[in-house]
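Novice: Here's the feature list from TrEMBL:
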ACT_SITE  114  active site, proton donor
BINDING   78, 99, 102, 153, 376  substrate binding site
BINDING   197, 229  NAD(+) binding site
SITE      154  site 'Important for catalysis'
């Protein structure tokens with residue numbers, strides 16, 4: 001492997017999956033799946049290109065654009081486009097690799113991929129963002145299609161950017177087709193899509209709480225990191241279900257509330273407006289209602305029942321995981337991709353094995369945050385039929401998908417992961433194995449490995 005570049009994010013995601021598979025009985029029962037693991041860990045195709053655009057001062061700028069088409073065994077490549085200065089192949093390969101198994105857990109016919117560019121939208125005018133998106137899509141349009149690859153939004157790519165890219169694709173290809181999801185509601189988008197990842201996260205955790213015989217969200221105290229789309233809608237749905245939300249955060253710091261004076265839907269609406277303008281939480285005017293902690297994540301500053309990392313990768317460290325366990329948290333679920341470090345996961349898993357019915361529950365992002373891509377898949381279905389479903393129809397389907405993802409992971413863990421009497425099955429192991437087995441079986445049937 002010494003001839004390969006160092007890709008820390010991808011290597012972390014790969015090792016986490018491999019460790020899970022090797023510590024289960026899967027390879028004992030199906031040794032042939034070792035071959036599938038070798039094949040699924042290499043992308044089918046990586047596209048890298050330059051993006052040349054002109055800023056408002058008429059100066060030529062250039063960025064690196066990417067699309068990692070990782071696996072199409074279950075359907076067209078599906079995964080977001082991220083615009084952020086930290087974007088590189090390691091990050092996109094990790095996200096695309098996770099996407100394969102996340103998409104498999106939705107039960108929909110979608111493969112896994114990811115893409116984006118090292119372009120920073122912050123501080124750019126609408127005109128500059130439009131020019132970048134048009135140039136980016138000019139090249140990407142050669143490699144995507146409704147039955148080939150259907151990107152969505154991710155960090156830095158919202159409805160505005162999707163609109164610019166869709167228009168550029170239509171102009172370049174002379175086709176109106178569902179080649180992007182997250183579109184505007186009046187031109188092919190799905191209702192509930194903006195809310196889907198946050199809502200789906202709450203629906204998934206609701207099943208964790210019920211299975212553990214801990215009731216529902218009603219009366220629970222919830223800490224959430226992040227303040228973007230996922231965090232906002234997770235917070236709103238948790239509040240709707242009777243929970244108390246006591247934190248939100250961004251890259252600059254955290255807002256910490258109390259159970260007596262929690263974060264409200266009105267606060268979240270104000271924060272959403274700030275984020276649309278790409279402003280930090282330091283601009284949130286809360287008139288002293290809440291404590292603001294500079295350069296900190298919320299995990300060591302709260303005492304909660306439920307913790308939901310919804311910001312970015314590796315945002316819960318070993319020390320923060322230990323602090324959550326010590327504070328009495330019972331349910332941890334990732335709204336972000338790979339939100340917990342491997343050391344943090346080890347803390348949660350050790351607690352699960354040693355504390356029986358009082359153990360902490362941990363759910364990985366590939367299961368818990370699958371709601372976003374699930375509704376993206378539903379948007380693809382609506383586009384194929386030239387139909388638009390109601391909010392109720394989409395939300396009902398989303399609830400069913402998240403329930404199935406929870407039960408699939410749970411039952412797969414019971415089947416393949418040894419556990420003692422009174423010990424809850426491992427959701428992280430069950431989710432990893434369930435997603436991997438579905439993709440590997442499809443690859444086998446298609447002749448990718450024998």
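Any Cβ shown, glycine's included, is placed from N, Cα and C.
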Novice: Among all the protein chains here, how many other CB atoms are within 10 A of the CB of residue 229 (NAD(+) binding site)?
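Specialist: There are 24 such Cβ atoms around residue 229 (NAD(+) binding site).
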Novice: Looking only at 78, 99, 102, 153, 376, the residues listed as binding substrate, what is the longest Cα to Cα distance in Å?
Specialist: 16
Novice: Say we define neighbours as other CB atoms within 10 Å of the CB. Which of the recorded positions 102, 114 has the fewest?
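Specialist: Each of the recorded positions 102, 114 was scored; lowest Cβ tally within 10 Å is 102.
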Novice: Out of 114, 154, 197, 229, which of these recorded positions is nearest residue 99 (substrate binding site) by C-alpha distance?
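Specialist: Looking at Cα distances from residue 99 (substrate binding site), the smallest one goes to 114.
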Novice: Around the substrate site recorded as 78, 99, 102, 153, 376, what other same-chain residues have a C-beta within 8 angstroms of the site's C-beta center?
Specialist: 79, 80, 103, 110, 112, 152, 181, 372, 373
Novice: Taking the Cβ of residue 153 (substrate binding site) as the centre, how many other Cβ atoms fall within a 10 Å radius?
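Specialist: If we count other Cβ atoms within 10 Å of residue 153 (substrate binding site), we arrive at 25.
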Novice: List the recorded positions among 114, 154, 229 whose C-alpha is within 10 Å of the C-alpha of residue 376 (substrate binding site), in sequence order, or say none.
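Specialist: Final answer: none.
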Novice: Express the distance between the Cα positions of residue 154 (site 'Important for catalysis') and residue 229 (NAD(+) binding site) as a whole number of Å.
Specialist: 10
Novice: Sequence gap of 6 or more, C-beta under 8 Å: which same-chain residues meet both conditions with respect to residue 197 (NAD(+) binding site)?
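Specialist: Spatial neighbours, sequence-distant, of residue 197 (NAD(+) binding site): 229, 230, 233, 234, 335, 369, 371, 372.
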Novice: To the nearest whole angstrom, state the Cα distance for the pair residue 153 (substrate binding site) and residue 114 (active site, proton donor).
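Specialist: Rounded to the nearest whole number, the Cα-Cα distance is 10 Å.
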Novice: Give the number of CB atoms, excluding that of residue 99 (substrate binding site) itself, located within 10 Å of its CB.
Specialist: 27
Novice: Could you list the residues of the same chain, at least six apart in sequence, whose Cβ is under 8 A from the Cβ of residue 78 (substrate binding site)?
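Specialist: Sequence-distant Cβ neighbours: 99, 103, 110, 111, 112, 113, 149, 150, 151, 152, 373, 376, 377, 380.
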Novice: Can you tell me how many other Cβ atoms are located within 10 Å of the Cβ belonging to residue 154 (site 'Important for catalysis')?
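Specialist: Other Cβ atoms found within 10 Å: 24.
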Novice: Roughly how many angstrom lie between the C-alpha atoms of the residue listed as 'active site, proton donor' and residue 102 (substrate binding site)?
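Specialist: It is 12 Å, counting Cα to Cα.
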Novice: Count the Cβ atoms, other than its own, that fall within 10 Å of the Cβ of residue 376 (substrate binding site), considering every protein chain shown.
Specialist: 27
